[in-house]
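These notes concern the structure reproduced below.
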Amino acid sequence: MKALWAVLLATLLTGCLAEGEPEVTDQLSWQSNQPWEQALNRFWDYLRWVQTLSDQVQEELQNSQVTQELTVLMEDTMTEVKAYKKELEEQLGPVAEETRARLAKEVQAAQARLGADMEDLRNRLGQYRNEVHTMLGQNTEELRSRLSTHLRKMRKRLMRDAEDLQKRLAVYKAGAREGAERGVSAIRERLGPLVEQGRQRTANLGAGAAQPLRDRAQALSERLRGRLEEVGNQARDRLEEMREHMEEVRSKMEEQTQQIRLQAEIFQARLKSWFEPLVEDMHRQLANLVEKIQSSVATNSVLSTSVPQENQ
């Protein structure tokens, strides 16, 4: 658990440092393994084509086909991101509730930034279409130049948004795959390059500029460590309370079982005391009846023997 806060802190530092970099690569830096990444790549490829501002692009911009296609690609990307985030939430291991909420909030913020910049791009293309219509066939080269500049800026923003979202989803995925303490080593391995990159960027900063950042990072890490330890202690206390409660329930159940057994034995003894006199009385009556029957049979035998002798 203590190593998890360090990984999260390194990811946060990397994201903060990335905001100060003026240059952004033109290619996405991951392989398209997840459906949301594949959907984003389709959006990215289409945007690259739009940025050429070729005659075909100009024609499709005028009839709204470009904005319609971008809308579909945006919705597909956001839908896949939501589905992937939900899948990770269902797989999330026994992470502390505060950690779970913080990870979800960070992913939600990155997702919102990407969606907002996509929406901004679509609105800018719609604005360009309206401006061209207003020009009524006049020279639109200046409009096209401004749009090209804006598209380059938007492309960089979208690239940063996409990479930030991917990094935060990677942290979320690591937590879902490994759980809390059981996943620390695996999270470190998966995010090792990211942590190293953050360290290198921090080291490259000037000593004067880096020291305040290190101080803030140290203070933040101390707060995170203290909070994580507090949450861990609370979880252990809660587990101990549950164990004591279960032991109390078990004792009560054993006591109730013993009482039921004693009551059953008492009831059995009562039944025996009720029915034994009846059985004994029935035995006596049956014995008397048998004795009477035997006596009667003997008497009849004597009488039947004496009658033939008298006739002779």
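Note that the numbers count up from 1, one per residue, in the order the chain is shown.
Glycine is treated like the rest: Cβ placed from N, Cα and C.
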> Looking at the ranges 40-50, 51-61, 150-160, which is given as region 'LDL and other lipoprotein receptors binding' in Swiss-Prot?
Replying inline: 150-160
> Of 10-22, 270-282, which span is tagged region 'Specificity for association with VLDL' by Swiss-Prot?
Replying inline: 270-282
> Quick one: do the repeat '8' (226-247) and the repeat '2' (94-115) have at least 3 Cβ pairs under 8 Å, skipping pairs fewer than 6 apart in sequence?
Replying inline: yes
>> Using DSSP, what is the helix/strand/coil residue split across the region 'LDL receptor binding' (150-160)?
In response: 11 helix, 0 strand, 0 coil
>> Cβ under 8 Å, sequence separation of at least 6 from the ends of the repeat '3' (116-137): give me the contacting residues as numbers and ranges.
In response: 43, 47, 50, 61-62, 64, 66-67, 70-71, 74, 77-78, 143, 147, 150-151, 154, 157-158, 161
> Other than its own, how many Cβ atoms are within 10 Å of the Cβ belonging to M154 (heparin binding site)?
Replying inline: 18
> Could you tell me the C-alpha distance between R223 (heparin binding site) and M135 (methionine sulfoxide) in angstrom, no decimals?
Replying inline: 58
